[in-house]
Amino acid sequence: KESSAMKFQRQHMDSSGSPSTNANYCNEMMKGRNMTQGYCKPVNTFVHEPLADVQAVCFQKNVPCKNGQSNCYQSNSNMHITDCRLTSNSKYPNCSYRTSRENKGIIVACEGNPYVPVHFDASV
């Protein structure tokens, strides 16, 4: 079974891809990373930074998570990210996403030993 840490990497890490200007980026990535199986995941963020930099966020500023849990952390610096949002007229299995590039801080939830990101909470 896929661990929470591995799931985070599959759903949110794209270190090799520089933030692309390709409008199809989200459509390709959401499908390629298995986030359109059974239903279209409505929103997803990819981070274009080295994995070590994203893992380091677990030791930065502790902030409350959206769900009220206390294991979320905000990055000290902005990161290159791509937000993927399902378009309103999109119908499964033809999931269609809007791609928007951002340079923002990220908030991730961390757990485990080693203490690593397991959930992408928000960008700020």
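The backbone N, Cα and C atoms fix where each Cβ goes, glycine too.
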| message | Which residue in the list Cys95, Cys110 does Swiss-Prot annotate as forming a disulfide bond with Cys40? | response | Cys95
| Can you tell which of Cys65, Cys84 Swiss-Prot lists as bonded to Cys72 through a disulfide? | Cys65
| task | Can you dig through Swiss-Prot and tell me which residue of Asn34, Asn94 is labelled N-linked glycosylation site? | result | Asn34
| In Swiss-Prot, Cys110 is listed as disulfide-bonded to which of the following: Cys26, Cys58? | Cys58
| Local backbone state of Arg85 (substrate binding site), from DSSP in three classes | strand
| said: Measuring Cα to Cα, how far is Thr45 (substrate binding site) from His12 (active site, proton acceptor) in Å? | reply: 6
| Which recorded positions sit within 10 Å of His12 (active site, proton acceptor) - Cα, from Lys41, Arg85, His119 | His119
| remark: Integer Å value for the Cα distance linking Val43 (substrate binding site) with His119 (active site, proton donor) is 13
| said: On a C-alpha basis, identify the one among Lys7, Asn34, Lys41, Arg85 that is nearest to His119 (active site, proton donor); the candidates are the recorded positions. | reply: Lys7
